Amino acid sequence: MDLIERYLASVRQNLPADKADDIIAELHDELATRQEMREDRLGRPLRRDELAALLKEFGHPLVIASRYRSQQYLIGPDIFPFYLFALRVVLTIGALSFVSIGMVATLLGNRSIVHMVTGITSDLWGFFFTAIAVVTLAFALFERFGGPVEQLVRWTPEQLPAPLARRKGQWEAAFEVGCGIAFLLWWTGAVPFPAIAATTALRIEPAPVWGHYYLPILVLASAQLVANLVKWLLPRLWRFQSLLTVAISVATIAMAAGLYKAGAWVTVIAADKGEDLARLTQSLNLSIRITLIVMMVVLAFQALGELWKLARGDRAATAYADAR
């Protein structure tokens, strides 16, 4: 097998199977023409090293084959700016969460600042790699199969909102999307947030009731992420977003009511038996009880507010959506 045949065989390995024969025939003719022109200029057949130089000038087999493939990139230039924006939001929120938890752990425990910094740095590396992988995979799927980002790519100047309205709605929704992604990564165990309990003599154990509500919380958090994505990327669908928010609020209230009936949600365990664990456990459970009550009240008002917007047509939301 001569060099040209070996070269074309290498190119074929990286071509679409249904087009390989036609492409190889085209490349063979092009190489044969170049070889003949060079031989005519020299007045003799090309030596092996001269033929190798010709093929090297023509291009690496992988580069030549890539010119005949439909998609040359993982994330295209049209949605790459949105990818960078989403990545910045997720990484910023994650970093703030890790730093906040690390500082609280230091205040509650006996760790030094150096220990805190090294611990946070170690945890951040794992979070950053996981978050970058998840966001990159999501946008690669958007690039390959289409998705919400297409709505932003197909923009028109008439859709641009007023600067103040855009700044408030966009950043609020983007922040909520980032928080939702960070929570789902933690809730599913994809990213282990630094545990406060691990840095002190105390260990806080969740009650079994949380295991019973693992899937409902996962579903509701995912639905809330969808609602925030709609608010961020598809403001014209504000009615759908409002209806989805009402449904999520009602479902979350029902779930919180079920959690409330449990009565106890955490147990404090300590190596030092002399600590008043019962009182500390009671205080933590009281805090969770109050949090659940406040959350149900806030969600009830949120649902009523969304229903009121739907009932009156929400002129502000309509004007904002029409502007976009």
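Glycine residues also receive a Cβ, built from the backbone N, Cα and C atoms like all the rest.
Taken from TrEMBL, the feature transmembrane segment covers 79-104 (among others).
Under the heading transmembrane segment, TrEMBL lists 124-142 (among others).
Taken from TrEMBL, the feature transmembrane segment applies to 173-193 (among others).
Annotation comment: TrEMBL describes 213-234 (among others) as transmembrane segment.
Residues 204-207, 209-210, 213, 216-217, 220, 223-224, 227, 281, 284-285, 288-289, 292-293, 295-296, 299-300, 302-303, 306-307 of the same chain sit 6 or more residues outside the transmembrane segment (246-266) yet have a Cβ under 8 Å from a Cβ within it. What TrEMBL lists as transmembrane segment is 246-266 (among others).
Marked as transmembrane segment by TrEMBL: 286-305 (among others). Below 8 angstroms of C-beta separation, residues 245-246, 249-250, 252-253, 256-257, 259-260, 265-266 of the same chain, each at least six residues beyond the ends of the transmembrane segment (286-305), sit close to that stretch.
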